[in-house]
């Protein structure tokens, strides 16, 4: 579907109806994409035995796979605006499928960085951004609960982790990657559930804002007739609300040229950078996501160095997945009760998750690793369910697309270096969780506590 297809106008978000089909699609995206991403912990050991690379080198595959979902978010934002959420999501699914199929022919780590890291990473960015933006259009009062249901699909990795180990034993890793490519192809028909929707109230506000910045109308030509293209004058001295405009032109051909500055302005829209809340949320999102992916990618390898069997280590991911699913649902339900503000929940969950990661180096046996995995999944599931609701509270649906794209981009830049850094510490015979322990110190929300009244006023301004 192209962007030109008309979307159904509504006065306010539906908070249900077809929106639950959007939730179902996002659930499948989280279940398959995050499931396949988390199973990289198992491939990590396989690739190390197959290609003989170091932990730092193989860590770059996982870094590209996980970080590009964030770094390429601005690309997803542009595609959503130009071709629509449905087409963007279908394109992402095709990229993921292609990446896994090509990965089955890999001959080295560099090859896998492109096929298993770059292509699926770009596809994930398109799919996640499209689903997140359109879900925020369908839900408002139930956004936290709907997001929790959708993200609970991430927890079903407890099915994929042991299955991946069985498939590798049966078909070897190339055959398993081919099967993963076929599984991810199912997201193409799933993307067709993304029916476009528009909210009249927000469109009216955006139109009113645009009209306020638009230049006055240019008078017609001689005898009241529209001026011909030859009589058009280009204004170079006075900029307009959308850049340099072509004055006096009324034909469609001339309108194309007058809209070019506007197109470039939409393509590179830096308005979120002017919002102080953008920097606060991005800072917290940056380190929280960094601490999330390092344990996931290195948990199985960590267990193996402690003498734990690979199959038993896969159960660590399984148990964490089940726990994360339940906690996302519980966190979304609690947030919808409106007992306290969403960002207060988000802050508390991040602090508890940080404390859990600080204790991770003490887990040196299978029972202790299982205990760490469960508590890590509890607090991760809670804060992951709150990310989109908190962001929507700060920005409103009209600017969520760009805000989410920029925030994910800056977070992805740091996530890119996380697993390789952890692998470097492994070469130095240090614990792989040291980067997490150090980064947790940076994860704070003290600004919100010290400036709560000013923050609420700022939220009101930017949401209106």
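Here the Cβ of each residue, glycine as well, is placed from N, Cα and C on the backbone.
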For this session: Could you tell me which of the ranges 313-334, 423-444 is annotated in TrEMBL as transmembrane segment?
Result: 313-334
Problem set entry | Where TrEMBL places transmembrane segment among the ranges 21-46, 203-228 | 21-46
Exercise. Which listed stretch (21-46, 91-112, 346-363) has the most C-beta pairs under 8 A with the transmembrane segment (369-391)?
Worked result: 346-363
Exercise. Between 21-46, 91-112, 118-136, 148-168, 313-334, who has the most Cβ pairs under 8 Å to the transmembrane segment (174-194)?
Worked result: 91-112
Problem set entry | Contact ranking winner - 21-46, 58-79, 91-112, 148-168, 313-334 against the transmembrane segment (118-136), Cβ under 8 Å | 58-79
Problem set entry | Of 21-46, 58-79, 148-168, 313-334, whichever stretch has the most CB pairs under 8 A to the transmembrane segment (91-112) | 58-79
Problem set entry | pLDDT averaged over the residues of the domain 'Major facilitator superfamily (MFS) profile' (19-464) | 71
